[in-house]
Amino acid sequence: MLTIMHQSLVETMRKRLLVAAGGLTGLFLLLFFLFLRWVGTPANIPGYTYIAGLTYLYLGLFAAYVMIALFSVLIFVATISAEIDDGTLLAVLPRPIRRSHVILGKWIGLSLVAMAYATILFFGIVFIDQAQYGAVAGNTANLLAAYGDFLLEGLVVATVTLLGSTLTSTMANGIIVSSAVLIAFLGGALEQLGALTNPSPAFTVIGWVTGLLIPTDALYRRALFQLLGNHVYPGAIIGAGPFGAVRPPGEGMVFYGILYIAGMLMLAIWSFGVRDL
Amino acid sequence: MKAIQTLGLTKVYPGGRKACEAIHLSVNQGEIFGLLGPNGAGKSTLIKMLVGLVNPSAGSARVLGFPFTELAARRQLGYLPELFRYPPWLKAQEVLAFHARLAGVEQSPDERTALLDRVGLHGRGSERVRSFSKGLQQRLGLAVALVGEPALVLLDEPTSALDPIGRYEVSLLLQELRAQGTTVFLNSHLLSDVEKVCDSVALIDGGRVLYQGSLKDALYGGARHHRVQVENLTETTWSTLHQSYPAATVQWDGKGGAEISVRIARTGLPGLIAQLVAAGVRVYEVAPDHSSLEEWFLSRLGKDPQ
Ligand SMILES: Nc1ncnc2c1ncn2[C@@H]1O[C@H](COP(=O)(O)OP(=O)(O)O)[C@@H](O)[C@H]1O
Ligand SMILES: [Mg+2]
């Protein structure tokens, strides 16, 4: 398992995927930094600094939400399927190694990469924002809770993509998981819109269903609420409309996220175990 | 203990194709065993079941004395897949190092170099797999199969991409392995390879075993046509002979010689020759008609070359 884990890490480096994604992310953070510098802070409007700080933090976090999902799909999408297609696994599996350990090794190795990515992106955005506008985003506990939600978001996407790669082709897998993440986002947006404008329970149900399908969006909204909720600045989150978190998912979503990851991982182990190569 | 013993291994692929049907085979330790059959016969499927790549639909097997589903069965095993690739960004020696780690064996750089030399990849250890042609990849595949000096090596079409020199080198390598006591299980449709090195063979077609036995028996056992070159064959001797072998035919060349064509098992040859000699006939040559594995192969598959 360690060998497989090590190998998938080496592989990520060799493929220059990590380098490319890391470079682009660095570029994004640099642009974010320059942008905030350039926008600057008008000195004499009371409360404006606070609002600007929250707005740009919110924009940055939304970018992080999308980029973490994309990155997780990207590094996991070809894990098993491509290695089946090109015959790499044919030489590996007959070694005295369990298939479950191959899955676990790849999952741990690549998840470390995904988590490192989420960490850099999340704290990069928060710190750049705070450097410009001061501490606007709640206390340390809120910050860590939001960080945890972003990590879970990345792991949810990563693990579903790993499952997909044991079941279907690389291309189909990429399309299916990306679509699911997008649908969850639209469902979440509808739910927030409903919470703002229309008391009909249909909106809540839609949010629930898409959140259960894949809890990426729910985790993102929870993270958002940790940082921008009413306890931080009353009304801030309403301004974001369907992109905000007026009705934030509770603690339960974190447990669901963890269960979801464990379940998907077990399904991946099972489906790879029964597969003929 | 047998190196491999299968008990009714069966594989029905999703979609209903029966690739292997109740296969019973046994491979002795230390021998080179050739599994022959036309394309689509089920050879690769059988090997893949033995190494745990394909889950059998029914039946079981023991590999090196262990139930084939246990990891222990794969500790002493080397495998060369039929169609495969190593990660193109790895160097040849890194591929070997990776497999040594997977196999749980210690491997020094010297051993890696020696292994590469052995398969004709001298001096190519630090080249990336990306730059290897199909034939070079197959050689590297052989080296990977030999990592850790396994007791059993399963090779699926090991020479399909090799040039004639490569084939010759592989046949030497296989003989070296046999001399070391390694068991080799070889899949091939390239009969000349098999003919050169195998001790035992099995023939499968449509997922069923049509023949299993020694290569000698395959080539020389069973009733087959023989041509017997003689002199001094009289009409009387011939008619006596013809009573014992009603299907036999004869052709006199008008110069005292004759050629008898008779369908007879190898075990019956001494009797026939004794009978001829007792009647004063001089026997010059007895030659089996089917003398190559290819002809045997075709006739077994119901595609008699005549
Ligand atoms: N993964 C698979 N799914 C469905 N059918 C397969 C699969 N692999 C092989 N087959 C079929 O099983 C039969 C035996 O294939 P194979 O074992 O590869 O034969 P061989 O190696 O003797 O050429 C063929 O008819 C082939 O089409
Ligand atoms: Mg084959």
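Each residue, glycine too, has its Cβ placed from N, Cα and C.
Annotated transmembrane segment per TrEMBL: A:17-36 (among others), in sequence order.
Annotation comment: TrEMBL describes A:56-82 (among others) as transmembrane segment.
Only residues 6 or more beyond the boundaries of the transmembrane segment (A:103-128), in the same chain, are considered here, and those with a CB under 8 A from a CB of the stretch are 1-9, 12, 18, 21-22, 25, 28-29, 32-33, 36, 57, 60-61, 63-64, 67-68, 71-72, 75-76, 79-80, 137, 143, 146-147, 150-151, 153-155, 158-159, 162, 166, 227, 265, 268-269, 272. According to TrEMBL, the feature transmembrane segment maps to A:103-128 (among others).
Residues annotated as transmembrane segment in TrEMBL: A:140-163 (among others).
As annotated by TrEMBL, transmembrane segment applies to A:170-190 (among others).
The transmembrane segment annotation in TrEMBL covers A:202-220 (among others).
The transmembrane segment feature in TrEMBL is assigned to A:227-247 (among others).
The feature transmembrane segment is assigned by TrEMBL to A:253-274 (among others).
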Proximity of the transmembrane segment (A:170-190) to the transmembrane segment (A:56-82), 3+ C-beta pairs under 8 angstroms: yes
Positions on the same chain near the transmembrane segment (A:253-274), where near means CB under 8 A and six or more residues out: 80, 99-100, 102-104, 107, 148-149, 152-153, 155-156, 159-160, 162-163, 166-167, 211-212, 214-215, 218-219, 222
Cβ contacts under 8 Å made by the transmembrane segment (A:202-220) with residues that lie 6+ beyond its boundaries: 61, 65, 69, 149-150, 152-153, 156-157, 160, 180-181, 183-188, 190-195, 247, 249, 253-254, 256-257, 260
